[in-house]
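Lifted from TrEMBL, the feature list:
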{"type": "COMPBIAS", "residues": "174-191", "note": "compositional bias 'Low complexity'"}
{"type": "DOMAIN", "residues": "31-131", "note": "domain 'Transglycosylase SLT'"}
{"type": "REGION", "residues": "158-191", "note": "region 'Disordered'"}
{"type": "SIGNAL", "residues": "1-27", "note": "signal peptide"}
Amino acid sequence: MHRLVPLRLVAAAAVLALGTAALPSWARTGDCIDEAARAEGINRHVLRAIGWHESRLRSQALNRNANGTVDVGAFQINSVHFPRLAAQGIDAEALKHGCTAARVAAAHYRRLVERHGNTWRAVGAYHSEATAARQHWYAQQIAQVLIDWKLLPPGTRPFDGQPLLKPGQPAPAQPLRASARAASATSSGPR
């Protein structure tokens with residue numbers, strides 16, 4: 001009599017036999033995100049949500065922007081940062097490696113947290129430091145990812161100055177007041 005082997009067992013054996021090469025790039029990047037967040041003292045869930053929003057954690061993602069800049073890798077590091085990264089020995093090709101991209105993104109986000117505090121404003125600044133409206137829109141996008149992942153309660157709407165998730169543990173953010181919620185409805189828009 002033949003015994004059927006559960007598909008999960010076969011898949012697990014394949015991963016063990018082939019190593020991490022059998023995993024999609026976002027799965028291989030996962031541990032690196034946690035390590036990078038821990039090293040920089042930032043929240044791993046926020047960092048992962050940024051990568052998910054930017055590219056679905058696709059390490060080979062490449063996007064050309066209307067202003068002539070390029071976004072590279074899982075965390076869509078913009079080419080305006082290339083000169084600073086080159087001084088550290090990191091080029092655009094290196095940003096296509098999930099662990100390198102996670103470390104660069106974590107360091108970039110940490111600098112924003114140092115500048116703006118551990119707030120939604122720092123999250124919004126990851127996308128753009130140009131306008132408050134774009135920052136607010138981006139922070140809402142990241143909050144929605146965290147809501148979808150059940151790390152924030154439904155209805156959470158970020159706003160500048162509001163404390164964010166602490167590095168070691170997720171905690172709900174405060175909802176917007178009614179007047180701020182009405183104002184934010186007009187400020188969201190495409191990237």
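Backbone N, Cα and C define each Cβ position, glycine as well.
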Residues in the domain 'Transglycosylase SLT' (31-131) grouped by DSSP into helix, strand and remaining coil: 60 helix, 9 strand, 32 coil
Whole-number mean of pLDDT values that fall within the domain 'Transglycosylase SLT' (31-131): 96
